[in-house]
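Undergrad: I have a structure I would like to understand better, so I am pasting it below and will then ask my questions one at a time.
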Amino acid sequence: LNAVPGRAPRQHVRFLPAPGDDGAPGLVAARVPVLADHPLVRGPRFRRLKIGAGHRLDVKASGVFVLGIGHGNKLLTDLYNCHLTKVYTVGGLLGKATDDFSDTGNLVEKTTFDHITREKLERILAVIQGTNHKALLMHSNIDMKTQEAYELAVKGLIRPMGKSPPIITAIRCLQFALPEFQLEIHCLHETQQYLRKIVHEIGLELKSSAVCTQVRRIRDGVFTLDDALLRTQWNLQSIQNAIWDCQLKVKTELEKTLG
Amino acid sequence: EAAAMWWALRAVRRPPPAFRRGLAKPARPRSVRQLREAEEAAPVFQYAGKAAKRKDRVFVWGFCYSGALGVPSFVKPDVGWKKPRRIQPTPYRLETEEKISSAACGYGFTLLSSNTADITKVWGMGLNKDSQLGFQRSIRDRTKGYEYVLEPSPVPLPLEKPQETRVLQVSCGRAHSLILTDSEGVFTMGNNSYGQCGRKVVEDETYSESHLIHQLKEFDSRVVQVVCGQDHSLFRTKKGAVYACGWGADGQTGLGHYNITSVPTKLRGDIAGVNIIQVSSYGDCCLAVSDEGDVFGWGNSEYLQLASVTETTQVNVPRHLPFKIGKIKEAACGGTGNIVLTEEGNVFVWGYGILGKGPNLIETAVPEMIPPSLFGWSDFNPDIRVAHVRCGLSQFAALTNRGELFVWGKNLRGCLGTGRMEDQYFPWRVTVPGEVVDVACGVDHMVSMVKSFT
């Protein structure tokens, strides 16, 4: 960033002593650059960058992670207050139960899983979705007896706009091949450990046990995997392009939600 | 010299090498190979076999003091310090001996029936002041009967072939109940002051502690559905005809007059010749659905239930209701509101009261559709459909094809099962640990038949 040529130094008019006519010392007006703007005096333009992080992503998970630079940190708080849903791809493995719900933990129990079919899993997922939908309506702090609550519920726009426990708005099974399965989860206010706990609880409901092998965030509010930069793309040009592309999306979303 | 002696003694006392212990290894974090081997050697537990069947369960909720929930500890706790529970606000599991295939909730009592060939096929609990649960012999005094039954108790039926006949369906009204069997007709018990049990009205008859159970067999063909209104009974036969008996002051018997009928008589009017596939009633209004998707109504119309065809408040002849909402699959009548389900899976409500479209819609004579997004339909789940609709006195219940139960209406003494005491103005999910197969709604309690998940 500092290698980019900065703005040109300011110019001002100074009366410099210079040999005038007839050899007598006189003053000549000359436009010279201000010494205070000299790069060696000013130093590098950027010494520190304020970078803020969006929603947390823990060490064992991967995926979209939103960062704000400089003035973008203010947009980060606004995006947090929008309470948009995040989408995760969660991979699970049946037959094992560990103490930290992931496959790298200490083994607690091994169980059989040949009685599990995709149909049973989908039934459990439907119930999880149902109870979480109920929790969504209850934590949104709207009085259920009003007409506007009914209208928002019909459109599906009821959402908790304050603090609430983790809520799953939608969950479905993408792949099912014993002993592995993959789920797509849309959620609010969650942590990745909570998603691992959900995988463990699904295993318990199916009268077996399950551990979580993979947690990958696909979408965080308006940012999807297509907008995300890979490790090889962590250079100035791609970052600048990414910021430029996202600006419009973020602005429209903020206006729509916060008014 | 003393030192040399000491050293010689020490040399003798040193233990021989054979007994020497090797140095034990200190505890170290186990290596990856050791962890893998320990994991492979761990025992595998089996909680459910490959052919594990899903269990059938019964859940009840609502007002407890009448005993209609079938849990005696709600009314008379077994421990001295516990207080009797007035309302059960969330579903509570009821232990039954057999798989319950049909249940019905009356006004303060419940009947459960099973499809078994054993001798005990029907169990009843709740109010028994008019012997609507049959004669329940008291243990303390063998000549008297119980007025309140707190636990599901067998209902003694006078069957000719008790080990072959199967009970298909039960239905309960205000103070009477009907039991439908496959080969021995319909059994009726309870209050008969309006002839609703299908037998002649006897003046000053005492209905409590009565052993009398009447059997009805004379219909044009086999009876396939029995429905109890508040003080009248409806029978639907295999040929598609509908018979009625009981109180008729609101025209709910549909026989063209407003008098009492004590013998089941066939209905005429717009129904004559039509093949009816479903009848429904709970209060004083009745609805019937034909095989072509038309709906017919008769009875009380004070709450605009039949206002689409007539201005009168009582209709005593079945009238066709010309609604242009599609082919109707199922209908259910409540005390003041009605609900129908069409072939596409849409739910329509009309009548008076909390109809399910927010607090602003109190009454309507024309059916209004409830948006499917309230039942869980969305772009994410586009194939959720409502499969069944049921009605209580002032509540509605809908079952989806995923096995979820939605209720709405007046929350009388916690009968909605949502866990809250407030009325519910739009469909709300009831959290039941299982897939709900069927639900029976009463005045202040509900019973549901549920299959467990795995």
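Cβ coordinates are placed from backbone N, Cα and C, and glycine is handled just like the others.
TrEMBL: automatically predicted annotations, no manual curation.
Positions annotated as domain 'RCC1-like' by TrEMBL: B:53-335. Annotated repeat 'RCC1' per TrEMBL: B:56-116, B:120-183, B:184-239, B:240-292, B:293-344, B:403-452, in sequence order.
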Undergrad: On average, what pLDDT score does this prediction assign to the repeat 'RCC1' (B:240-292)?
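TA: Averaged over the repeat 'RCC1' (B:240-292), the predicted model reaches a pLDDT of 91.
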Undergrad: So which of B:56-116, B:184-239, B:293-344 has the most C-beta pairs under 8 Å when paired with the repeat 'RCC1' (B:403-452)?
TA: B:56-116
Undergrad: Work out, from DSSP, the number of helix, strand and coil residues along the repeat 'RCC1' (B:240-292).
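TA: The repeat 'RCC1' (B:240-292) comes out at 3 helix, 23 strand, 27 coil.
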